[in-house]
Amino acid sequence: MARTKQSARKSHGGKAPTKQLATKAARKSAPTTGGVKKPHRFRPGTVALREIRKYQKSTELLNRKLPFQRLVREIAQDFKTDLRFQSHAVLALQEAAEAYLVGLFEDTNLCAIHAKRVTIMPKDVQLARRIRAERA
């Protein structure tokens, strides 16, 4: 490259523009030290719809077995102490309880949709139970 003659310029009290360009270039070319990649986030509702499809396909129990068994034993103790349960009896109770809850949530969802909402609320559960004549 050929050298060119530089003419004198009057300073206006600011920083030299060459320094600014140098720092910008340094920032662009320098590797980012905090290069932690953000985890991928799905749009709201996508994961919920995927879970709905997953659980509608499956037939396994949704509640854990041991916590449900402890709950059954705790409730049964109010009526009679030293009761014993066959494992199949607890499983039958759990199947019935989950079937009841799934049906209740289906009716609750219909009540929310009827109210032009997509979010279920306690008043939807109360209405569904009232229509079923479970609670007057």
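Heads up, the Cβ atoms here are built off N, Cα and C, so glycines get one too.
Feature annotations, courtesy of Swiss-Prot:
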COMPBIAS  1-13  compositional bias 'Basic residues'
REGION    1-43  region 'Disordered'
MOD_RES   LYS5  N6,N6-dimethyllysine
MOD_RES   LYS10  N6,N6,N6-trimethyllysine
MOD_RES   LYS10  N6-acetyllysine
MOD_RES   SER11  phosphoserine
MOD_RES   LYS15  N6-acetyllysine
MOD_RES   LYS19  N6-methyllysine
MOD_RES   LYS24  N6-methyllysine
MOD_RES   LYS28  N6,N6,N6-trimethyllysine
MOD_RES   LYS28  N6-methyllysine
MOD_RES   SER29  phosphoserine
MOD_RES   LYS37  N6-methyllysine
MOD_RES   LYS37  N6,N6,N6-trimethyllysine
Self-check item: Count of other CB atoms lying within 10 Å of the CB belonging to LYS37 (N6-methyllysine)
Solution: 5
Quiz item: LYS37 (N6-methyllysine) to LYS5 (N6,N6-dimethyllysine): how many Å between their Cα atoms?
Solution: 48
Exercise. Tell me the Cβ neighbour count for LYS5 (N6,N6-dimethyllysine), meaning other Cβ atoms within 10 Å of its Cβ, over all protein chains shown.
Key: 4
